[in-house]
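Trainee: What Swiss-Prot lists as region 'Methylthioribulose-1-phosphate dehydratase' is 1-247. Sequence annotations record features per position, and here Swiss-Prot assigns substrate 1 binding site to CYS119. Swiss-Prot lists HIS137, HIS139, HIS212 with the feature Zn(2+) binding site, giving sequence analysis as the kind of evidence. Annotation source Swiss-Prot lists active site, proton donor/acceptor at GLU162. Per Swiss-Prot, the feature region 'Enolase-phosphatase E1' maps to 279-518; the stated evidence is sequence analysis. Taken from Swiss-Prot, the feature Mg(2+) binding site applies to ASP282, GLU284, ASP477, supported by sequence analysis.
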Amino acid sequence: MAAAPPAVAVNGGGMAAAKVASQAYLESKAVKDTRVLIADLCKQFYTLGWVSGTGGSITIKAHDDSIPKRQQLILMSPSGVQKERMEPEDMYVLATNGSILSSPSPKPYPYKPPKCSDCAPLFLKAYDMRNAGAVIHSHGMESCLVTMINPLSKEFRITHMEMIKGIQGHGYYDELVVPIIENTAYENELTDSLAKAIEAYPKTTAVLVRNHGIYIWGDSWISAKTQAECYHYLFDAAIKLHQIGLDWSTPNHGPIQNVKVKAGMNNSNNRIEPLPRCIVLDIEGTTTPITFVADVLFPYARDNVGRHLSATYDTAETKDDINLLRTQVEDDLAQGVDGAIPIPTDDAGKEEVIAALVANVEAMIKADRKITALKQLQGHIWRTGYENNELEGVVYDDVPEALEKWHALGIKVYIYSSGSRLAQRLIFGKTNYGDLRKYLSGFFDTTVGNKKETRSYIEISESLGVDKPSDILFVTDVFQEAFAAKGAGLDVMISIRPGNAPLPENHGFKTITSFAEI
């Protein structure tokens, strides 16, 4: 083992970091064993094609029960070294802030001078943001190719595969979602994109880099390695399913739908049926994953209520939002709604009013209430998020092509969601596929009526001016909404997407797993 040199910061830090780790810890059995482990894993990963051509890397924390995990030393494989020839003494030892505490000794020609992994800043993000115990960076071919199948996709999705059970927090029936970030010329330039993906996808344990590879982390080296094996298996399965024309992202893994329609729609008997004059789409579970709303939009609104109200308190828009909330809360208090607390008058002062508003809004969001006062405020908060590039709408990969096709056929497409019309426009105005509003003719929200009431769909059909309600096709993932729309005479299909609620047996509705089936 080379003597510990002066601390050199990879990602901030300095001499003070060197004092964190005693010489005894640096020379401990935990550190020595981790050096050996990384060398062994590099050899194994080389045979799997994950770290060929000196690419890829691995980092593991030196576990010591007497030291809190966040303070444990970090060991990393070096950059530009043949991974199958790695030796224990080749590893770098870093403090938690990225300062190098121990470097490998230079080797004679033809070896290059030692250099810490270019992945170090990205590894440190996973350690800091997820309290990881180990991180693997793989250049496995399957992790590269799977990002190329759809070069516009921002996510990899797969469901109903046994190996999903090997991914932390997932089961067989779950939809596994892995974010995809764009590659850059230099590894460290990926740091911000990786951090944003980790923040935006709180359930993920991996981030794909298009045309490059994948970063995978776990609580321990065993967890990271196990998940890495499962991820690579699933990517390989998706590629092979794609090659034989099967869709890996749907529960039944049926044929990939790529229907080209010109004069009508093919039904199950391959007869051409007249096209609908209008299509009305739900959002959650239909155009957009439920997880986007639950894991991204709702938390963003919840976490930014106070900031938004403080910054805009004196504007006419926010005064209107507050008045709506006051009215709603007064009604909630009268009805004994759980979580409702009185909102002081303006005389109590801005901070007192905002504190009460925040408490009520948080309770409403937690209860997933579909009320206008909440939806209107959320829309205004989300607007700021989109304007500041803190939010980006997400739609399923089959949605943009379908919208474009329907638009070309002269079919008018509308949105009907419990979210406000503003929130709807925001989602489709800035998506992972760009601005899709050019394909949409209008937006309906709960001001037209409750989505589970037939009267709402009668109102929509009268607003659209169709000759008969059956000229409208309504697509939703919710049985009660489908039932209400059918009662108004609309043609109805139910969207089956991973994570959607199960349907009653013998529900009697047509179902689709992709817009390509419409």
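The backbone N, Cα and C atoms fix where each Cβ goes, glycine too.
Tell me what's around each of these sites.
Mentor: Cβ environment of CYS119 (substrate 1 binding site): SER57, THR59, MET76, SER79, HIS137, GLU187, TYR215 lie under 8 Å away, each six or more residues apart in the same chain. Under DSSP, CYS119 (substrate 1 binding site) is assigned to coil, being neither helix nor strand in the three-state scheme.
Summarising the environment of HIS137 (Zn(2+) binding site), the number of other Cβ atoms within 10 Å of its Cβ, over all protein chains shown, is 29. HIS137 (Zn(2+) binding site) carries a strand DSSP state (E or B).
GLU162 (active site, proton donor/acceptor) falls within a helical segment according to DSSP.
Confidence in the region 'Enolase-phosphatase E1' (279-518), given as mean pLDDT, stands at 93.
Under the three-state DSSP scheme, GLU284 (Mg(2+) binding site) falls in the strand class. Long-range C-beta contacts of GLU284 (Mg(2+) binding site), restricted to its own chain and to partners at least six residues apart, with a cutoff below 8 Å, comprise ILE290, VAL293, SER417, ASP477.
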Trainee: Counting every protein chain present, what is the number of Cβ atoms, excluding its own, within 10 Å of the Cβ of HIS212 (Zn(2+) binding site)?
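Mentor: The answer is 20.
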Trainee: Within its own chain, what residues at least 6 apart in sequence put their Cβ under 8 Å from the Cβ of HIS139 (Zn(2+) binding site), listed in sequence order?
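Mentor: The answer is GLY49, TRP50, VAL51, SER52, GLY53, GLY55, GLY56, HIS212, GLY213.
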Trainee: Using DSSP, would you call ASP477 (Mg(2+) binding site) helix, strand or coil?
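Mentor: Once the DSSP labels are grouped into three classes, ASP477 (Mg(2+) binding site) ends up as coil.
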Trainee: DSSP three-state call for HIS212 (Zn(2+) binding site): helix, strand or coil?
Mentor: coil
Trainee: Other than its own, how many Cβ atoms are within 10 Å of the Cβ belonging to GLU162 (active site, proton donor/acceptor)?
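Mentor: Around the Cβ of GLU162 (active site, proton donor/acceptor), 11 other Cβ atoms lie within 10 Å.
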